[in-house]
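Written out below as structure tokens is the structure these notes cover.
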Amino acid sequence: MKLQKPKGTADILPVESAKWQYLEEIARAVFKDYNYKEIRTPMFESYELFSRATGETSDIVTKEMYDFEDKGGRHIALRPEGTASAVRAYVENKLYAPEVLKPVKLWYNESMFRYERPQSGRLREFHQFGVECLGVKNAAIDVEIIAMADNYFRQLGISGISLHLNTLGDMSSRKAYREALIAYLTPFESELSEDSRRRLHENPLRVLDSKEPEDIKVVENAPSILDYLNEASQAYFEEVKTLLEALGVEYTVDSNMVRGLDYYNDTIFEFVVKLDGKELTVCGGGRYDGLVEYFDGPATPAFGFGLGIERLLLVAEAQEINFMEDETLDVYVAVMGNHANVEATKVVESLRAQAFQVERDFSNRKLPAQFKTADKLNAELIITLGDNEVQTGNVTVKNNKTRKEVKATLDEIYDSFSPIFEELYVEEEF
Ligand code: ATP
Ligand code: MG
């Protein structure tokens, strides 16, 4: 049997993984600047957590969930998104307690699972950076989080990502809009896709999120949520826009955007980029003030986003972002003959303990082949160890580029390699 990875999954091999590390490193630094702390939650949870959080009519629940019954008869699902888990953890660990500083600012970097049709930027196992901020309601939090994503793109040097902004208002605004939407859509019912005909009755806002061409045509002239906002919802949205403008973050209001999950209210947003002529959503999020209470916690306002790492990588690669791959090595130890194996083992371990990045030969190859490997690894220095060096305790350390050499004893190397390294390294700088 030929073993293959499951459809919609990917191996992230070296070179590629260096790019991931670069994206992760900068993300971590940005999250830190905004005082977010990492949370790690289980990869699987009870099915009900996600079905209740994202809504019974969402694509995630109706089509995309990886769920199964475990050996104990529990209905389990692989995590399709991060917010439900973060909220569950917030309630279960009582992060709402008064002694926990508010807002609670969390970030995560986790794989998500959705049974989708795999294509470019759409996998069955994919990865997200996410942030969730719980416990305080202030338009400045909405804007801080949007600005954080924007800042991250800028630090990566990615351009051309545009911010689409909308509001879903509060419950009463949404109720008024829902009625208007049903009134508008009902005459078109027969023209809608099968999914949307069902959604029309169960959750009409979902129709706006449809990707089916027949639905998109009908939705074009649908009433706008912006005309159904009550005063409070309107004022909140105005404040968000004012703060974005104060920071110089550009946006366009897209009143047909609803996002794929049911738990949002007020501000929602997406960062969208054109790739090969197609629109690609890299990051999306919004406010979800009802979810904590829905999971039996105290009423807790919250805001967050999810950012697809695979899609970000597609964009970064298309824009030829320099990933600063670290492909250098401090020292390569060339090893001649079996007798040198003990000493070589000790030398590389000692150098690594002294915080040098070191590789050696393990295959008893001829010296020229070993030197070629040192070149390939971009080694700064080479130490050659053979019977003679082991016997006398004297070795030559060579700069692989300038060819400058320094004589040293093994004891000196074990004791402190830094002076030798610096002598040869500085030489190369000038
Ligand atoms: P889409 O409309 O493209 O299906 P979504 O609304 O389902 O996206 P979210 O649930 O908001 O996506 O997830 C946040 C981000 O995660 C998306 O903006 C995207 O970058 C990424 N993402 C979502 N689904 C996938 C997937 N199947 N493969 C890769 N990345 C994904
Ligand atoms: Mg989706």
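All residue numbers here begin at 1 and follow the chain in the order shown.
Yeah, the Cβs are placed from backbone N, Cα and C, and that goes for glycine too.
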Exercise for the section: Select one of ARG114, ARG154, ARG178: the residue that TrEMBL places in the L-histidine site alongside GLU81, GLY82, THR83, GLN128, GLU132, ARG259, TYR263, TYR264. Expected result: ARG114
Problem - All-chain count of other Cβ atoms within 10 Å of GLU81 (L-histidine binding site) - result: 22
Practice task
Using all protein chains in view, find how many other C-beta atoms are within 10 Å of the C-beta of ARG259 (L-histidine binding site).
Solution key: 20
Problem - TYR264 (L-histidine binding site): tally of other CB atoms within 10 A of its CB - result: 26
Fill in the blank from the handout: By the 10 Å Cβ-neighbour count, the most surrounded of the binding-site residues THR83, GLN128 is THR83
